[in-house]
Structure formats: C-alpha cells, structure tokens
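Visitor: As annotated in Swiss-Prot:
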type	residues	note
BINDING	TYR5, ASN42, ASP69, GLY110, LEU111, HIS112, GLY113, VAL114, GLY115, ILE116, LYS334	ATP binding site
BINDING	GLU418, ASP490	Mg(2+) 1 binding site
BINDING	ASP490, ASP492	Mg(2+) 2 binding site
DOMAIN	412-525	domain 'Toprim'
SITE	LYS443	site 'Interaction with DNA'
SITE	ASN446	site 'Interaction with DNA'
SITE	HIS497	site 'Interaction with DNA'
SITE	ARG615	site 'Interaction with DNA'
Amino acid sequence: MTQTYNADAIEVLTGLEPVRRRPGMYTDTTRPNHLGQEVIDNSVDEALAGHAKRVDVILHADQSLEVIDDGRGMPVDIHPEEGVPAVELILCRLHAGGKFSNKNYQFSGGLHGVGISVVNALSKRVEVNVRRDGQVYNIAFENGEKVQDLQVVGTCGKRNTGTSVHFWPDETFFDSPRFSVSRLTHVLKAKAVLCPGVEITFKDEINNTEQRWCYQDGLNDYLAEAVNGLPTLPEKPFIGNFAGDTEAVDWALLWLPEGGELLTESYVNLIPTMQGGTHVNGLRQGLLDAMREFCEYRNILPRGVKLSAEDIWDRCAYVLSVKMQDPQFAGQTKERLSSRQCAAFVSGVVKDAFILWLNQNVQAAELLAEMAISSAQRRMRAAKKVVRKKLTSGPALPGKLADCTAQDLNRTELFLVEGDSAGGSAKQARDREYQAIMPLKGKILNTWEVSSDEVLASQEVHDISVAIGIDPDSDDLSQLRYGKICILADADSDGLHIATLLCALFVKHFRALVKHGHVYVALPPLYRIDLGKEVYYALTEEEKEGVLEQLKRKKGKPNVQRFKGLGEMNPMQLRETTLDPNTRRLVQLTIDDEDDQRTDAMMDMLLAKKRSEDRRNWLQEKGDMAEIEV
C-alpha cells in the first residue's frame, strides 16, 4: 500500500513523549534503579552545594521509592517565560532545570534537567512535596501528565525546607519492576562517602531493614574499610585533592601486593561512572608518569625495561571523585565520562602529587617501584613466548593488514576499518606499537546461516580469521594475536549495517572471542562542533543538541560539521575520537550465559533469509522505536 509522504506524515514528539517512546535512550531499562539514582542525585546535588545535610530514602512495600532531603526545596514560583510553576516545568519538560548554568550549582550531575523528567515519564505516579518559605506544597503526576495542580497543603517553620519525591515506576518499561536493593545500597553508601558530613539513611520496608551512613573522612575511610585485613602498600591510602575554578579532583588509592578483591570506583559530580572514562584514564596516566620519573631519577629501572600503564595499575585499588562543570557523558545513563579535557587535568594533578609523595616516602616508593618493575619484566617474558604467525608459520598474513610491533595481549588491538580511505587515515593515526589496522572493502557476507566449513570461502572472512589467528567455531584462543578486536565503521546507517554484519560474524562463528570479552565496537562521532579554540564531538543528534545548548551561554557562534564517514576525518581527528584510549568510545560486545538462546533467536529473526515475514511483523510492532535517517 503506497502512502503519500508529505508534511502531514512528519510527527513531532512533544513533552515527555520521546522518553516513553524510546526509554532506552534515556535510562537503563533493566530495573528502575537508575530512576531512583536520578532522584537521589538531585538531593545529593543540594548537599554538594552546601544546602542539605540529610537525605532519606525509603523503599516502600509496593516497590515505590521516596527520596526526602532538607535542601532549599524545588522552586514553586511561576516561571516568567512559561507561565507555570517551576516545579511543574522541571517534572514535565526535558532539558528544564537550574543546573545548565553555574549560577545555582558550581558542580552538579546536570540533573533537574533530563533526569527528573525522565522519572516522571516512566512512572505510573509521581508525588512531589516541597517545604519552602514556611509553606508545604504538593503536586502530582500520572504517566508523565499532571493530575493535580500545585497547591498549598500545610505550613512549616521558615527554616524547615526541603523536597520529597515519591514515585511508582511503570513496570511496562522495565525488564524487572523490582529495585535491586544491593545496588541501591551501594549507591547510597558511595554518596555518603563523597559528601563528608552528610547523613544518608535507607529504609527498606520490604525486608524491614534500616541503614545509616555518615563519613567524616570520606574517601580515606571508605577505601580503608574495603581492604580491611589485606596487606596493603602503603599502609595508609595515598590521598589527595585539588580544586580549580571549573574542576576539582579527590582520590584515595593503595596497592594490594599479595592480591585480593580490588575496589575500583570513580565518580563525576557524585554520579557513579561504572565504565570509567577520561578521569580514570587521567588517574592511570598520572600515576604512570610519576613512577617513570621516580625510577629514572633514582636510576632503578633495569636496561631494556619500560613501564607501561598496566604495570602500575594492575593491583591498584582506588576511589576517584571528580567535580566539573558541564561534564560530557557517553550516553544518557552517565556510566562513562567522555570529557576530553578531564584526562589532562586529572593526569597533571595526580602526577605532581604522586611524585611529591614518592620522594617523601622513599621506602614505600621503592617497594612500589619494585612491584611495577617485576610486573613489567613478567609482561615482557610472556610477550616473548607468544609466537606470531609469520610467512613461514601458518597462512600468510593479509597484505592489507598493518600489524603492530607489541605482542602483549593485554595491550594489542586490531581495528577492522570500513573502507580503504578510512583505513589509510587510521594507519597514520594509530600507535604502531600496539594498534593494528585492517581495512575492509564494503559490506561483508551475511554469515549467519553459513556453515563454519564454508564461511572461509569469503575472502574478507578468511582474512579476518588469519589476522586474528583463530579458526571459525574454535574454542582454542591460544593463538589469538590481539587482546581487543575493534569494529570501526561509519556512524551512518550503512556503517551500522556493516557493524551489524561483523557482530553477527563474531557471535556466530567466533563466539569464544565474544564470551571472553575480546570483541568491541568503536563509536565514531557523527558531528564536530567548534567554538573558538574549543572542539566538541557528538555521537548522536541528541548529544549535538545538548552541546549546542551548553554553548549558548558562551560568546561566539558554534560551527557544526557532520561527518559523512570516517574517511572525512584527518588522522589527528581519527586518533582523538576513535583510537586514543584516553578519549575514544568503545562498547564491548557481550553475551550473558543466560541470554544465549534469546540472543540467537533475535539474531536469527533479524538475519535469516527465510524470516522476512517475521522481520516485517517485528518492524510493524517496534518500528516507532527506530532512529531513521531521511
């Protein structure tokens, strides 16, 4: 059936409808924990700004969550431009909040913007009580829509201020409607650690338990508690902090020379960054630079030994907290920091502090240096045992493969790059020591239904198999030549198609690689935004709009460039955005043991030749969730 494609066919989503249509773009849909974290972050931001001393969290028996703080209370006056109470605007409008400029909060998670409105959009009901100016206000929402106007429901003392947000998550948006109590507890404890002197309580009405946290010497106490009973080097954590006008960093770290479970946690504006990011990269680089300088100054480095990041990082337990204005995250769930300037800031501060500490604590410093040197020597011995496939040993390596010189699987990376032009730029941009590049011509074969004994008939698949050193459907990874195999395709729809076909190849015929965490997908940016000497990169249209929104308060007109493909980037841009470990974005391709069958069923439906009818039905059902380039 042919439909007319004109202006009437263009749909504009307003209010909170985009969130309800595509919740996965805004939050983690596994459980409603991330919604709770958004509300908790708002209260903790009040504490971070010095306006709150207590945050109470209650998990009710009906799986609803209530967060209460003694901050200033959400504003209830009428917004001058929108003509509605500010609290209503905050709950009902994306990107409405008091944290986009730095007038109200020097540092924040950027919430009361997307965060709290997403909670409203994905909840069956939200009730907000505000204590402010001697009065108690109440407003309520259901399914993202206001069902009760803001009204005064009581009075209170003028100094009795704060906000209470009680929400009931809509189970239809989540894989499991239940909060993970352990994750909630962990987040709350971490918030208490990062806000010394602030009291945080958690009441679990389902399990009838109550917990309270209040740390006076936050990071130090937390790390010491986590490694209690284990031999540590040094005995007391190496702690430090530094605050500038727009950035601040606090850390506590130590090493476990005899092994043990490592505490490795990082935060940005008190938001946990589970996947690390540029701040963690900066910490690692700062420690490495300082240790290298100390070893060279003391002349204790054996000839031929060069320390690398993993030598100093291997047994390091740390808690890192960074506060900064306008943090950039990889995705709305804020699990990985991508602000490039943060790596240099943290690295410089940590290097200076660690060099000073090493020279003031020479005995402990020499033990640390000895541990790092031993690690480097073990790594180098192990690398010598790895026999690389040469022309005289096994199949000849593909001629288009630009190999690396390192042999350590902990460092080596192979990038499968879409297109010869991008492959040429990538070869110039790479670090030749540990990064290998292999360009691919066009779209590879859909191998989902091809048997393992026939799949090597495809030249591209054959070259990939020879380059990585693994045969299709083999569980033997002893001849693996690279620790990371990274798929690097354009950010447009064609590139996504190629990335999908490569993912299918690895899931179907090289599953052992996926199971052991060796396969990654690189996320090149779609946009570059320039304002003066500042450069920003955006992965999606939403990220681009977010950056432009932040740049509105700066002088000058930003210039936006859309990359049509990787080949348009010069080597320096390609290195910064997709190859440099400190600034790139990589997503690991993973399959949980429990999801094996579900993954195979989904891939079969998407890629099998005889499943076109199933694909059509699936598109009719899920098509409104797709992001389509026109």
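Cβ atoms are placed via backbone N, Cα and C, with glycine included.
On a predicted model such as this, the values are computed, not experimentally measured, just so you know.
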Visitor: To the nearest whole angstrom, what is the C-alpha distance linking GLU418 (Mg(2+) 1 binding site) and ARG615 (site 'Interaction with DNA')?
Guide: 26
Visitor: Do me a favour and check the Cα-Cα span between ARG615 (site 'Interaction with DNA') and ASP490 (Mg(2+) 1 binding site); whole Å is fine.
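Guide: If we compare the Cα positions of ARG615 (site 'Interaction with DNA') and ASP490 (Mg(2+) 1 binding site), the gap is 24 Å.
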Visitor: Give the residue counts of the domain 'Toprim' (412-525) per reduced DSSP state, in the order helix, strand, coil.
Guide: 45 helix, 21 strand, 48 coil
Visitor: Per DSSP, to which secondary structure element type does ASP69 (ATP binding site) belong, with helix, strand and coil as the options?
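Guide: The residue in question, ASP69 (ATP binding site), is strand (DSSP, three-state).
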Visitor: Between ASP492 (Mg(2+) 2 binding site) and LYS443 (site 'Interaction with DNA'), what C-alpha distance do you get in Å?
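Guide: Given the Cα positions, ASP492 (Mg(2+) 2 binding site) is 14 Å from LYS443 (site 'Interaction with DNA').
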Visitor: Starting from the Cβ of LYS443 (site 'Interaction with DNA'), draw a 10 Å sphere and report how many other Cβ atoms land inside it.
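Guide: So the number of other Cβ atoms within 10 Å of LYS443 (site 'Interaction with DNA') is 15.
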Visitor: In DSSP terms, helix, strand or coil for ARG615 (site 'Interaction with DNA')?
Guide: helix
Visitor: Filter the recorded positions ASP69, GLY115, LYS443 down to those whose C-alpha lies within 10 angstroms of the C-alpha of HIS497 (site 'Interaction with DNA'); answer none if the list is empty.
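Guide: LYS443, listed in sequence order.
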Visitor: Go through GLU418, ASP492, the listed binding-site residues, and name the one with the sparsest Cβ surroundings, counting other Cβ atoms within 10 Å.
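Guide: So among GLU418, ASP492, the binding-site residues given, the one with the fewest Cβ atoms within 10 Å is ASP492.
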Visitor: Can you tell which of ASP69, ASP490 has the least company, meaning the fewest other C-beta atoms within 10 angstroms of its C-beta, among these binding-site residues?
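Guide: With the binding-site residues ASP69, ASP490, fewest surrounding Cβ atoms within 10 Å: ASP490.
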Visitor: I'd like to confirm something. Which of the recorded positions, GLY115, LYS443, ASN446, has a Cα closest to the Cα of ASP490 (Mg(2+) 1 binding site)?
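Guide: Its closest listed neighbour, by Cα, is LYS443.
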